There are 2 protein chains.
Amino acid sequence: MTSPVRGDLFDPECPTRRLLDRIGTKWTSMVVKVLAEAAPHEVRFAELRRRIPGVSQKMLSVTLHSLVRDGLAVRRVEPTVPPRVHYRLTELGLSLEVPLAALRIWAEEHMARIDHANAISDAGSAAGG
Amino acid sequence: MTSPVRGDLFDPECPTRRLLDRIGTKWTSMVVKVLAEAAPHEVRFAELRRRIPGVSQKMLSVTLHSLVRDGLAVRRVEPTVPPRVHYRLTELGLSLEVPLAALRIWAEEHMARIDHANAISDAGSAAGG
DNA sequence: CCGGATCCGGGGCGATACTG
DNA sequence: CAGTATCGCCCCGGATCCGG
């Protein structure tokens with residue numbers, strides 16, 4: 001039988017790589033976070049836009065549709081005029097929030113050290129040059 | 001001192017976003033994994049290259065220097081001819097491996113469901129079109 | 001109110017060639 | 001063996017316009 005993906009992390013189809021391709025897109029992690037905080041309630045498109053400063057309506061739309069396509073979120077349209085569109089995470093999307101939250105914690109605790117290391121590196125190359 | 005970044009996750013300088021910009025680059029997560037598995041031993045450049053199929057020497061070099069610059073790895077050169085360059089993770093780099101491993105586990109367990117959702121979506125739009 | 005279509009710029013990433 | 005410089009492709013992501 002074919003073995004599970006356990007040992008194939010360096011396969012071109014490496015699941016980790018493909019996951020990072022998704023959550024690495026600029027707005028995905030923020031959208032997931034907002035939806036996760038609101039769960040199990042839905043969030044309207046306009047509300048998401050307000051909660052994520054800087055996101056354009058295009059990229060928010062693209063990001064949300066990617067999440068839906070990946071089965072991480074669901075979309076519900078009220079066929080009114082004007083339309084109202086709501087999003088919420090699926091169970092799968094909520095499960096992704098767990099490791100994503102761990103990553104956020106790490107970032108909050110350690111990014112300052114990365115910044116510091118960069119500053120040292122800059123100063124060192126400036127002095128050395 | 002200014003307060004920590006706890007509440008500023010949607011700041012333009014959002015630490016999570018900046019962390020994802022780093023580990024989201026194509027080869028970083030793989031390099032970190034290989035170095036983490038080898039820890040506390042060093043790994044030579046050529047050995048890394050062999051262990052990461054598909055990586056070009058340029059991109060491996062760029063990725064490693066980024067890790068060093070961020071304080072996640074250290075570089076040691078044996079001034080021989082030809083030179084031998086060794087890398088290992090710092091304590092900071094090793095700590096990053098923890099949430100990264102959680103992400104890998106999630107990917108291994110759930111990416112198939114994402115693929116399935118994509119297949120459904122493709123079939124649906126094909127049938128609907 | 002929502003989001004698709006189009007145009008455009010920037011940067012990641014790969015291939016290749018060259019240095020020490 | 002390790003790293004750098006150059007070129008080119010591709011796609012993310014922003015601005016704008018248009019359609020339901």
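Heads up, the Cβ atoms here are built off N, Cα and C, so glycines get one too.
Just so you know, TrEMBL annotations are computer predictions that nobody has curated.
Quick look at what TrEMBL annotates:
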DOMAIN    A:14-115  domain 'HTH hxlR-type'
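Note: the domain 'HTH hxlR-type' (A:14-115) comprises 65 helix, 14 strand, 23 coil (DSSP; helix = H, G, I, strand = E, B).
In this model, the domain 'HTH hxlR-type' (A:14-115) carries an average pLDDT of 95.
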